[in-house]
Amino acid sequence: MATYHHWTVGQALALFDKPLLELLFEAQQVHRQHFDPRQVQVSTLLSIKTGACPEDCKYCPQSSRYKTGLESERLMQVEQVLESAKKAKAAGSTRFCMGAAWKNPHERDMPYLVKMVEGVKALGMETCMTLGSLSKQQAHRLADAGLDYYNHNLDTSPEFYGSIITTRSYQERLDTLNEVRDAGIKVCSGGIVGLGETVRDRAGLLVQLANLPKPPESVPINMLVKVKGTPLENNAEVDAFEFIRTIAVARIMMPSSYVRLSAGREQMNEQTQAMCFMAGANSIFYGCKLLTTPNPDEDNDLQLFRKLGLNPQQTATSHGDREQQQALTEQLLHGDTAQFYNAAV
């Protein structure tokens, strides 16, 4: 059985304090011990239920408490979701992520969610969902349907968390991660840089993630996307080097996890993204929208991968992230593609 290092905040801060190039060198060494440095795993994302969320997350345009101009939508029909999944698969995707703006799914919605998972699995794709908090029974129902991954972010450190969210406790988030893991579903959990947190808070977040009974298989690191109408719309810009440091420290602390560039890539130039890959990021969401925030369009992603000589991974459903298939690689290296996913606006 694999053993994991138990990290302290002091140890994490010591990594953040290293000279940047020294930190990048260490992170790249760790990365090469566990992954092929030329491979980037690619996921697609669809918002299956948008807006009208009762939570008060200060960064989120989907909260019903803020006037952001986002139009709410009911849970999509199963057939609509499967049609989007088919289009994503035709474009080369092998993992389909479905997100719903809920505090938690209602029991009346569970049969539809189960059908979505079963339908996407029947297409030969990996499945991922982010639906808010889950009960033990809900986690097991989704696991029985074939759900591969569940995303539930911790967002920030326990100490800073109450400044950003009051409608869901930190412990609730940890409890959901435990239920997901106990049900046999792989865990996807990360956080956001740019909420107004300190470097100690970033260190605290990564310590929480790394010290879980088993670190998450995927760790999304988001850069705050400031949305007009949310309480954080006037937050200071995130320094690119500070974001890159966070990626590098995450790679060192969770050497076997996929570190994903998620929201905020639209704000990054090619050089920043390239340094994130050098720092150990090896997963992205691909296409024009990430739920309700901008994401670089697919043509820009294709061009960047070709410039950097990166082969995005296409994963085989039965073997997880590490299995390679050729279709997406060929698309990314040799030509443009149609829109990769249709995340809701």
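Backbone N, Cα and C define each Cβ position, glycine as well.
Annotated [4Fe-4S] cluster binding site per Swiss-Prot: CYS53, CYS57, CYS60, in sequence order. CYS57 ([4Fe-4S] cluster binding site) falls outside any helix or strand according to DSSP and counts as coil.
In the three-state DSSP reading, CYS188 ([2Fe-2S] cluster binding site) counts as strand. CYS188 ([2Fe-2S] cluster binding site): 28 other CB atoms within 10 A of its CB, across all protein chains. As annotated by Swiss-Prot, [2Fe-2S] cluster binding site applies to CYS97, CYS128, CYS188, ARG260, with the evidence given as sequence analysis.
Per Swiss-Prot, the feature domain 'Radical SAM core' maps to 38-256.
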Integer Cα-Cα distance in angstrom, CYS188 ([2Fe-2S] cluster binding site) to CYS60 ([4Fe-4S] cluster binding site):
19
Which residues, same chain and not among CYS97, CYS128, CYS188, ARG260, have a CB within 8 angstroms of the centroid of the CB atoms at the recorded [2Fe-2S] cluster site?
SER43, LEU45, ARG95, THR130, TYR149, ASN151, SER218, PRO220, PHE285
Around the Cβ of CYS128 ([2Fe-2S] cluster binding site), the count of other Cβ atoms that are within 10 Å:
24
